[in-house]
Each structure stands twice: as C-alpha cells, then as structure tokens.
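Let me begin by presenting the structure, written as structure tokens, before commenting on it.
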Amino acid sequence: MEANHCSLGVYPSYPDLVIDVGEVTLGEENRKKLQKTQRDQERARVIRAACALLNSGGGVIQMEMANRDERPTEMGLDLEESLRKLIQYPYLQAFFETKQHGRCFYIFVKSWSGDPFLKDGSFNSRICSLSSSLYCRSGTSVLHMNSRQAFDFLKTKERQSKYNLINEGSPPSKIMKAVYQNISESNPAYEVFQTDTIEYGEILSFPESPSIEFKQFSTKHIQQYVENIIPEYISAFANTEGGYLFIGVDDKSRKVLGCAKEQVDPDSLKNVIARAISKLPIVHFCSSKPRVEYSTKIVEVFCGKELYGYLCVIKVKAFCCVVFSEAPKSWMVREKYIRPLTTEEWVEKMMDADPEFPPDFAEAFESQLSLSDSPSLCRPVYSKKGLEHKADLQQHLFPVPPGHLECTPESLWKELSLQHEGLKELIHKQMRPFSQGIVILSRSWAVDLNLQEKPGVICDALLIAQNSTPILYTILREQDAEGQDYCTRTAFTLKQKLVNMGGYTGKVCVRAKVLCLSPESSAEALEAAVSPMDYPASYSLAGTQHMEALLQSLVIVLLGFRSLLSDQLGCEVLNLLTAQQYEIFSRSLRKNRELFVHGLPGSGKTIMAMKIMEKIRNVFHCEAHRILYVCENQPLRNFISDRNICRAETRETFLREKFEHIQHIVIDEAQNFRTEDGDWYRKAKTITQREKDCPGVLWIFLDYFQTSHLGHSGLPPLSAQYPREELTRVVRNADEIAEYIQQEMQLIIENPPINIPHGYLAILSEAKWVPGVPGNTKIIKNFTLEQIVTYVADTCRCFFERGYSPKDVAVLVSTVTEVEQYQSKLLKAMRKKMVVQLSDACDMLGVHIVLDSVRRFSGLERSIVFGIHPRTADPAILPNILICLASRAKQHLYIFL
C-alpha cells in the first residue's frame, strides 16, 4: 500500500489538493540522527507527494513534525536536495514554499508546467518524474536519461518508426538489416560468444566499448546480483546499438575470472536472466511489436584441464523502439490517492504535444493555449481565426477596472440587489478591504463549473482583487450546515480548472467563504473562512497583469468546450464559445425555460444545444435519460447520442413514442420539421409543462435560411416565438464559402419561399462573418458522371497527400436514391487512386469518406465537401438547399452543377 499511494485528504476546510504524509522528522541536525531506513522512507513519502501534486495542478503537502519541538525549523538538506532533483531546477522556490504552524509543517506546491520564465536553457517536460528509468550507452558507461534526454530519445524513436513504416518492405530496409548483421559479426566479442570454452585468467583481446561491458560475479548472492544489473545494462544496450554484457570478466585487467562451478548452476542462471529480461517494460511506436531480442551463452571456464566455472555472455540486439529498466517513477493524484503512472501512460504524457494540423487547418485556427507552456493535465485550446482571442474575451466579459472594484455582470447585480434586501450591503462590506479588482457574480458558480446547483444559494461571487488570493463567496438565504461544503467543493473545482483546463501557470489558490443573508437583520456573515492554512504571499495577485492572466484562464474554463476537431485529429482539443454564444448560454434556465434561438448557418447552434443540455443536468439535478434532444435526421441523432449527454431521437420517433420520463427537451434544426406525422411543438410543450410547479426546459434552435422543404414546419408564427435570441456571428466557414452563402441568402431575401417568415430575413443585416479564414469555393459545370467521380478521386488524393484524412471529406448528393447510384462508381474511381472506404453519415466517427444526401447531413460538418448536382423538386427552395450544402463545408467546397 505504501509503495503505491499515500492517503489524500480533501477536507471540508480545504479547497485544494492536500496530501497528508504523516510524521516527518524535520531540521538538518534531527534528520542526521535518523537511521538511514527511516530517513529514506520519510523522504520517499514527501517526494511522491510532491511529484503527484506537481503533475495534478498543485496543492499542499501537510506533515506533522516527528520531533516534538514547535520552534521554527528548516526541512533538512536531504529533503531540499531531493526536491531540487525532482524538478531538475536550482530554485526550489519556483515550485515549492514552506510554512510552519506549531508542529504542522506545510509545503505549498505549484503546478508543473513548461514555464516561459525558464530562460536559462532549462527544460520542463510535460510531466515531472523522479526517474525516467531509461538508459543508453555513452562510451563505456551506462547513462541514465534525464527528462530532456528522455524526451529527445522518445521523439527520435517515434520518427524512426514512422520512417520505417513508410518504407516498410523496400530494399533499403533489408540492406540496413544486413549491415547490422555484418557489424554484429565483426565485433571482436562475437568470437568469444561463439566459443564453448575459455581458459581461466585469459586476457581478452578487446576492451570495453559502447557495445561491450565487463562485470565480475559477486562472491555472494550471484543470482540476485545478475538479476539486479540486467535492467540497466540490457535496456541500455537495447536502446543504443546493441552489445554484449560479459559477466565474469575483470573490467580493469580484462582477465576472464568466471564464477566457480560450486557457486552457480548454469540452467538456473539462464532462467534468472530470462525472467529479468522478460520483466523489462517496453513501449512500441511500430506495428510489429517484437520483444527484446537477446541470446545467453554460458561459456565453460577451464583451469588447465579442470572445469573451474562459468563465464556468462548476454548478446543484446538493438531494439526497434524503447526499453525501460523498470516503470518510470512518476505519480499523479487520482481518485483521492497518489497513483504511479504506468510506462505507457508516462510515455504518452511525456510526448504530449499540440496536434499536427494539415496546412490549411493551421492557417484557419489560432492557438489560445499551447501545451508547450501549460500544466500537465491541460489540453490545447484553439479558436477560429478572426474570432476573439482569450485576451479580448477577458476584456469584454471580465475587464479589470483601474483603481476600483466592480461587480459584473451589471444586469445580474442589479437584479439580485432588488430581489434580496441587504445583499448589496453584505457584499460591499466584504469588499471594503480591497481597492482594485472585479467581483464576478453568478446564480451558481457550481453550475458554471459543471457541478450541480445547490438549493438555498442566492448567488456565488468570485473576487479577483489586487494583493489578495481569489476568494469565492457563497451567499445563502439562511444558515445551512452543507453550505460550507458546497462552497469549498466549488472553490476546489475552480482552482483545479483554472490550472488544469485554463492553463494558469502562476501560484494560485481559491479561498472559500460562506455568507448568510438572515431575514432578521440586514446581513450576517459566517466567519468560517476557508482554511486555517495561511498561503504564502506569492499566492496573492500582485497587480493588473496577474489578475488579467488569471481571468484569461477563467475565460477558457467558462467558454471552453470539446471541439469537434477532436474526433478528426485523434486527440482532445478545446474551442471557445464566442462572447455572443456565452451570453446566451449564461442565461438563467429557471427564468428562460422556453427559448427560441435563431442562428445563421455556421453560428454554432448545435454546439449551443449540447452545452445547454449539460447545464440543464446540473441546474435541475436530472439524469441524462430525462433530457431529450430531437432533430429531423438519423445522422445528427446518432452524432448527439454518441456524446452520452441526453436521449436523442428523430422527430418521427418523438411523435410515435410517449416519453413518460422526459422532463426537458432541446430541439435542433427545427426549420426542417414537418407536421404530417403530428403536432410536434404541441407535444413538446405538453411534456415540458407536465409538472406545473416545476416545468421543464424547452429550447428550440432553427435557421429559416436552411429550410429544405416548402411544407409547414410546425413552428409557431414568428411573432409568437418569444422569448427569442439570435446567433449572428458566423464562425464555421472559410471566407470564399461564406461569400457564396451570402450570395444565396441574398437570393432568398429577394424571392423568399412561401414558408419562410419575411420578418426573419432581417437577421442577415445583423450578420458578422469571421474574416481571414483560408479556403476555396469552386463551381464546376457540365461535367459527366465519369468526369465528376474522377475529379473527386483526384482531388481527395491531393488532400490526403497534404495531411488530410478520409474523415475530413463528405460527398453530398440530392437524394438517398442518388447515393446508391454514385456509390459504386465513386468507390471504383477512388480505389484506382488509393484505398478508401465510403459510408453514410450515420457513422461520423469512422475513418471513411461520407457519402450521403444534403438533407441527411444537416447539422453536421466536414472540412472538405463535394456537392454533386444539387437540385430540388421546386426551384423556389434551391438557394436554401445550396446554403445547406455550402454551410457544411468548413474550408473547401466543390459544387458540380
């Protein structure tokens, strides 16, 4: 138990990760008096805790001084040196600070990160490790790799594996194998390895070298000795160019001494060697995944004509990938315990890097948070080029006023002040000690952080002020025994997310304080401040620059969401909501149980729908199966269903079944709904209003410009669609595609179909198109079917050569019947150029090109879209269909007319 984890307490009074390592002897003189075993055990507990906190967002190590003296004392040189070795950095205070309160001693640990302030050439890997457990040969020595060397080594091995994969089966690789064989056989040690006998005292004709190591047998515990040296030496040879480990040769004189036959059994020794090598952890970047290749030779050592003993020679081949001596020594906090990282986890985190975008992607997105200078658990954050940077969003949403303190958002501040007498005075009283900063109000900071709302909370207020740590205030209607737990848990989550999601690299804690607005008097404060721990002064925000840096991390926490790019890139990437999207998202669900959201093509309606369902779950404490998402087509239904945030159904299924357990409904792409199967809007209203005392949420997202039929949609008249919000910031499409969409929208305005309300068309005048995103639109006319499929295949091949994959491409036709007509011809043309699969849009996560109809692809997107002969039964809605088609393409659009 001790070797794997220490107890971790997140106590009700601690809104931080606090690891209690028990009793530790402190002070240099006191530690010198300890037995070595006890000193090592205490040091190991502290170092494991420090490493785990560094890799988990920072926190506090708490210990009780084993020496009964309460006078101030230092840690001890061995502890300090071990902490310096852990961070591989000379200045302990960059990551650690200490405080003592009586017999309680605290080490405050800042999160690990590739901090930009390391200007002296120091290197911070993605995670902190006590040991990489990686070795290589360096001259005649075995070199233990530090973090920088381990990172470079892993990257080199990864590149070699990729190169070998690309050139697999080609003659050059066979030549390289032959070259290795010749080098191996030309090694002078090879002759000894081939012999069966050797004379005691013979001096070998070759010295130690990068490929040769001499070791003597120890006189006692021979098998244990061999088992102990194998991990370092065998892994070092395997990680370099291979080599020979001689056991039984004096390394100075090169004399063969062997081991007396009475002290060793050859077969047992071979078994020990095999067992030790089989335990070596290996990590592969290649597809073949072989084990470590080695051979063991036991050579008989004769003294004259008498058998004296044995010489052991282990021949190791260079390994294709990476061999460790043991699992790397690195820890993280998981499920309230310190857990060691597995070898595979360690390699994955060490090599964690910003994703490699295809060239066009890189031009279309701007980095908001890079892994190169962020804490270990962060994911990269990108925004579409032309959208607000996190600094702009911070200035818009949470500006730091010069020289005074402000409450924001102002509308919520006024509303709460009018609703709750004495609230303004209570908050003002708490703010008096602070001269500059911002108080960010929320009806529930817990909900904002994806936690459940607590009944009885009037509001939460986050104070970000100069010369203070951040403080989270929870204001209760009346005293509540669970109020402090709620506030502490919320503050804890906020601190963790500021670091591990928002990428804040400074020293930070969030104190928690509960206030009670009692009915008898104007205000009554519960003075139980968060933590008896007094954080060091460096945890306070020194000025405007520090406050703004923290608030920019807060922007990522509040506006960040899992990007749809994650599925395409194969790693988790975050995007940011626009300010307009966030303002709608932050509306009170209790006051906006029904809302119509009108959004232009590419304005993020489906993303908003997903975010709102997550918020519903936390505000109303409901399970995912009580939230229903309804759309028109099966592919979008499947896409949402795979997110596991709700129950998702099509309109037809919604009208056919009863849904007795559903409480909240979110409807997407409502402009394409129909009424031939029944009145879906009336049914949705009936379901969400079943509970008169607590009606459910009904939010409806739509865009009349993307209406794909001339029938009645079942939506209420435009004049009855209130309350209503609009999404007018178009964020999806490249410039040329956006221009094409605008042209088609203008045609609709000039001659609108009969089922599009004229009042809706004015939304176009409010549109804001994000400029500067590269891409192209190409309209191709009068191609034959053969020419079309050949053009698509050739163009796809060019895109794949540039780094795109089949999952970036969609080919859209007018009807499902046409899908069948095009499939065989398109597949035949594709397979002349490359091996590729086609599938419909119901499986959006597979590695294939999507071939489906424009209507069924509604609500989905791809970087590259080919539209083949888009047409409709009624020409009046052709511009709508073309908008539906074009708006699915993020960067490259090809339309065959």
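Heads up, the Cβ atoms here are built off N, Cα and C, so glycines get one too.
The candidate list C259, C312, C321 contains one residue that Swiss-Prot assigns to the Zn(2+) site with H284, C286, namely C321. In this structure, the CA atom of K605 (ATP binding site) is 41 Å away from the CA atom of C286 (Zn(2+) binding site).
Surrounding the centroid of the Cβ atoms of G599, L600, P601, G602, S603, G604, K605, T606, where the record places ATP, the chain contributes additional residues within 8 Å, namely D703, L727, V730, V731, R732.
Distance from the CA of G602 (ATP binding site) to the CA of H284 (Zn(2+) binding site) is 41 Å. The Zn(2+) site, placed at the center of the C-beta atoms of H284, C286, C321, has further neighbours from the same chain whose C-beta lies within 8 angstroms: K157, S161, I282, V283, F285, S287, S288, K289, P290, C320, V322. Per Cα geometry, C286 is the residue among the recorded positions E208, E213, C286, C321 nearest to G599 (ATP binding site). In space, C286 is the closest of the recorded positions E213, C286, C321 to P601 (ATP binding site), judged by Cα positions.
Of the listed binding-site residues, namely C321, L600, the sparsest CB environment within 10 A is found at C321. Around E213 (active site), the same-chain residues six or more apart in sequence whose CB sits under 8 Å from its CB are T140, V142, Y233, F237, G243, Y244, L245, F246, listed in sequence order.
A count of other CB atoms within 10 A of each Cβ picks out K605 as the most crowded of the binding-site residues H284, K605. For L600 (ATP binding site), the spatially nearest entry among the recorded positions E208, C286, C321 is C286, judged by CA separation.
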